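Enquirer: Just passing along the structure, written as structure tokens.
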Ligand SMILES: *[C@@H]1O[C@H](CO)[C@@H](O)[C@H](O)[C@H]1NC(C)=O
Ligand SMILES: *[C@@H]1O[C@H](CO)[C@@H](O)[C@H](O)[C@H]1NC(C)=O
């Protein structure tokens, strides 16, 4: 359900690297060429180009891009060109260091990636920052949030499809009981959300809905001003309906006066190779305007062209 289009048989990585080098030469960079190459290569192909570039010029392609490009276009090309686990590390670092209640980027990374991808992101974090994501999250969060976030980012859930219905029934009851008591950070409540597999949780939430007559997220809306409850809803949405979660992030980013570029770039670069197609469908269903049209209205120049390429729409 990716949107980005790439040739099945891409040119040899060295050829792409040479083209990119050429694009950086002369007065100003040749942005069109950069978009034509990097906007049409998958993660594996980009990695090979980066390696070839380093071998030929003894310079990291990422550094060269940062030197040549600027502002939103630079940020988008930079994040896109990184390996997905490095990209997650960069995003998590920023999210941890400027964390405040209501910022759900750490939850998004912990709950929409596969357990293995999350593991790789934590490893890249060690390499980049010489410390752990857990340390940084612990240092910048407090209280109920700290307990929830630390367990979420450190979790290594089982990733298989098996579901135990007896367990789903028992744990739906526990969740319901804790919600009725407004005991939202109870150990058992947090344990279930942070350790069970996504398939198991989906069954538990379906069971909750069937037995108690409301979706669990409706019952977590008792106080819509409560940031911690919003965080719990984000956890549940990210794990069961990520396309819905991302549709909302995009909608808020685009509708905001003066577009939230950071959120827009984050969602497009992290989902273009995953589920951006489903997110686009969700967006159209909700807003009656195609996502690429909404983005084209709010952005311009090479930045717009690059985002549209990742969305699978050529602007030329
Ligand atoms: C399902 O969960 C119940 C309750 O935890 C447990 O007793 C049972 O052994 C589990 N069944 C399987 C097949 O794992
Ligand atoms: C969750 O359960 C519903 C109902 O059984 C199913 O249609 C849906 O595909 C499941 N979603 C995931 C992510 O497992």
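Note that Cβ sites are derived from N, Cα and C of the backbone, with glycine treated the same way.
Feature list, courtesy of TrEMBL:
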BINDING   24, 26, 28, 68, 254, 256, 258, 296, 299, 304  Ca(2+) 1 binding site
BINDING   298  Ca(2+) 3 binding site
Enquirer: Round to the nearest Å and give the CA-to-CA distance linking residue 258 (Ca(2+) 1 binding site) with the residue listed as 'Ca(2+) 3 binding site'.
Expert: 8
Enquirer: Between the Cα atoms of residue 254 (Ca(2+) 1 binding site) and residue 298 (Ca(2+) 3 binding site), what distance do you get, rounded to the nearest Å?
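Expert: So the alpha carbons of residue 254 (Ca(2+) 1 binding site) and residue 298 (Ca(2+) 3 binding site) sit roughly 7 Å from each other.
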